[in-house]
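In Swiss-Prot this protein carries:
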type	residues	note
ACT_SITE	75	active site
ACT_SITE	126	active site
BINDING	55, 57, 59, 76	Ca(2+) binding site
DISULFID	38-104	disulfide bond
DISULFID	54-151	disulfide bond
DISULFID	56-72	disulfide bond
DISULFID	71-132	disulfide bond
DISULFID	78-125	disulfide bond
DISULFID	88-118	disulfide bond
DISULFID	111-123	disulfide bond
SIGNAL	1-21	signal peptide
């Protein structure tokens with residue numbers, strides 16, 4: 001085999017090994033992102049809301065900085081309720097990994113009737129938040145803020 005071909009093959013193998021160390025996104029996070037894309041076409045939810053305000057992204061504390069951040073606070077509270085919901089007791093029913101069925105048509109979201117009780121609850125958490133984001137302004141100055149300063 002040509003040495004140049006071997007180098008290319010080696011580079012591909014090394015890059016694939018490196019990619020395997022990157023953890024996949026929880027499936028529900030992908031569904032939630034797609035719901036937001038339904039209500040806000042052209043948006044980039046995983047980038048735009050991963051580190052926004054006091055509540056969008058991991059954790060959350062203090063007073064929301066704006067309406068979009070309040071959507072995240074409400075969503076966080078809904079997920080907290082889902083974790084305590086009697087129908088969501090299995091570890092597979094975690095709101096971060098639970099898969100549910102929904103439809104998106106013309107910017108309108110519907111949680112399907114074939115969801116179990118836990119899936120329906122989590123679907124409605126995500127649906128409500130996606131609709132909330134669609135009605136709230138996105139303020140770039142609230143992205144990647146100093147939470148120690150602004151989230152008291």
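Residue numbers in this text run from 1 along the chain shown.
Quick reminder: no glycine exception, Cβ is built from N, Cα and C everywhere.
Within 10 Å of residue 76 (Ca(2+) binding site), as judged by C-alpha distances, the disulfide-bonded residues found are 56; the full candidate list was 56, 132, 151.
Long-range C-beta contacts of residue 118 (disulfide bond), restricted to its own chain and to partners at least six residues apart, with a cutoff below 8 Å, comprise 82, 85, 87, 88, 90, 93, 98.
With respect to residue 111 (disulfide bond), the closest of these recorded positions in Cα terms is 126, chosen from 55, 78, 126, 132. Listed in sequence order, the recorded positions from 55, 57, 59, 126 having a Cα within 10 Å of the Cα of residue 78 (disulfide bond) are 126. Taking the mean position of the Cβ atoms of 55, 57, 59, 76 as the Ca(2+) site, the remaining same-chain residues with a Cβ inside 8 Å of that point are 54, 56, 58, 60, 61, 72, 73. Reported as a whole number, the C-alpha separation between residue 132 (disulfide bond) and residue 72 (disulfide bond) equals 9 Å.
Residue pair residue 125 (disulfide bond) / residue 75 (active site) shows a Cα separation of 6 Å. Nearest to residue 59 (Ca(2+) binding site) in space, judged by Cα atoms and limited to the disulfide-bonded residues 38, 71, 72, is 72. Per Cα geometry, 55 is the residue among the recorded positions 55, 57, 126 nearest to residue 72 (disulfide bond).
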